[in-house]
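*Asks:* I'd like to ask you about the structure that follows.
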Amino acid sequence: WATIDECEETCNVTFKTCCGPPGDWQCVEACPV
């Protein structure tokens, strides 16, 4: 997703979280450390 807001809108319903460089947010189980 382009923005974390867009990502969270989609990911929060699946109980996942958003990680990634700005402009390329991904929906993941957990952020890599």
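The chain as shown is numbered from 1 upward.
Note that Cβ sites are derived from N, Cα and C of the backbone, with glycine treated the same way.
Given the structure is predicted, the values throughout are model-derived calculations rather than measurements.
The disulfide bond annotation in Swiss-Prot covers Cys7-Cys19, Cys11-Cys27, Cys18-Cys31. Taken from Swiss-Prot, the feature 6'-bromotryptophan applies to Trp1. The 4-carboxyglutamate annotation in Swiss-Prot covers Glu6, Glu8, Glu9, Glu29. The 4-hydroxyproline feature in Swiss-Prot is assigned to Pro21, Pro22; the stated evidence is experimental evidence.
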*Asks:* If you measure Cys11 (disulfide bond) to Pro22 (4-hydroxyproline) at Cα, how many Å is it?
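*Replies:* Each residue's Cα considered, Cys11 (disulfide bond) and Pro22 (4-hydroxyproline) end up 16 Å apart.
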*Asks:* Do any residues at least six apart in sequence from Cys18 (disulfide bond), in the same chain, have a Cβ closer than 8 Å to its Cβ, and if so which, in order?
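*Replies:* Set apart from Cys18 (disulfide bond) by at least 6 residues yet with Cβ under 8 Å, we have Trp1, Ile4, Cys7, Glu8, Cys11, Trp25, Gln26, Cys27, Val28.
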*Asks:* Among the recorded positions listed here (Glu6, Glu29, Cys31), which has the Cα closest to the Cα of Pro21 (4-hydroxyproline)?
*Replies:* Cys31
*Asks:* What three-state secondary structure does DSSP assign to Cys27 (disulfide bond)?
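*Replies:* The residue in question, Cys27 (disulfide bond), is strand (DSSP, three-state).
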*Asks:* Identify which of the modified residues Glu6, Glu29 has its Cβ surrounded by the largest number of other Cβ atoms within 10 Å, counting every protein chain shown.
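*Replies:* The residue with the densest Cβ neighbourhood is Glu6.
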